[in-house]
Amino acid sequence: MPVESPAPFDARSNIGAYQIGVLISFMLLGVTVTQAYVYYSRFPDDSWKQKSLVAFVCICEFAQAVCISHALYKFTVVDYRNTDLITGRLPKSLDAAVFFAGLIEESVQGFFAYRILRISNRLLIPVAIWIFASLRLILSCVVFGITLRLGSLHSYYEHWSWLSLFLWSAGAFNDIFTTVVLLYLLCNHRAVGQKRTVALVDKLIIWSIGQCATQILLLILFITKKATMIWLAVFVVSSRLYANSLLASLNSRETLRAMNGQEGSLQTVVLRSPVRFSSSLYHF
């Protein structure tokens, strides 16, 4: 679909917006590193699969951070005289950032789907989430490959903007679907009085809503502010929210253990099975 030629350069909505997005992204990367340290310190007995997932996500986070910071350096130092960033050649590092973001989001969505499987004991819904997450990763790889060959963002907008719309629409739909499923599980377990599972689902809903809101905002900004880099600023932040939601979910076991201890101190009979049930929700 043809797009209008870029408007006169506005530093605030272009390089300024991207720079703010990178700064926020690095702040959240610090939170990710802290949470990863807490995770490996508190839960050394977790399965190697779960530890490998956390390590993989953290490696992708660092790789994406290198990519977006290199792109910022190119925009602000190497090409500082170029005021037409939209029609100028894209840094290859920015293309790679799309690929790493896809890996992070696929990994976290897959983990959330697994959580839903363990809570609901139903396979159909998690499989649907896995399928949409895989579609999202495939589309991210396609976008990565296409942008490597294109000369500018404007060229991408003109010929391939529909692909990004499809990519982020699939992501937003998957996040909304996940949130709705978690809300259903919350109501269901609250009705039968499973307090520990309710506490777990409550936390998952909070993190899922954050991811969902970010994807919807990214989609809206890409449609309405395509001639600027505002949407790109939101993009470089979005994957950080996924990584932090994964680690915060894993580290929240300390809170649930404290809840178990408080409830156990008020009981004369130790109920072992609910504790095992809650703990098992966190392991592969």
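Cβ atoms are placed via backbone N, Cα and C, with glycine included.
Annotations in TrEMBL come from automatic prediction, not curation.
Annotation comment: TrEMBL describes 20-40 (among others) as transmembrane segment.
Under 8 Å from some Cβ of the transmembrane segment (123-148) lie the Cβ atoms of residues 90, 92, 94-96, 98-99, 101-103, 105-106, 109-110, 112-114, 116-117, 156, 160, 163-164, 166-167, 170-171, 173-174, 177-178, 181, all in the same chain and six or more residues away from its ends. Here TrEMBL flags 123-148 (among others) as transmembrane segment.
Residues or ranges marked as transmembrane segment in TrEMBL: 160-184 (among others). Listed by sequence, the residues of this chain that lie at least six past the ends of the transmembrane segment (160-184) yet keep a Cβ under 8 A from its Cβ atoms are 1, 3, 105, 109, 112-113, 116, 120, 125, 128-129, 132-133, 135-136, 139-140, 142-143, 146, 150, 201, 204-205, 208-209, 211-212, 215-216, 218-219, 222-223, 226.
Sequence annotations record features per position, and here TrEMBL assigns domain 'DUF6534' to 172-254.
The transmembrane segment annotation in TrEMBL covers 204-223 (among others).
The transmembrane segment annotation in TrEMBL covers 229-250 (among others).
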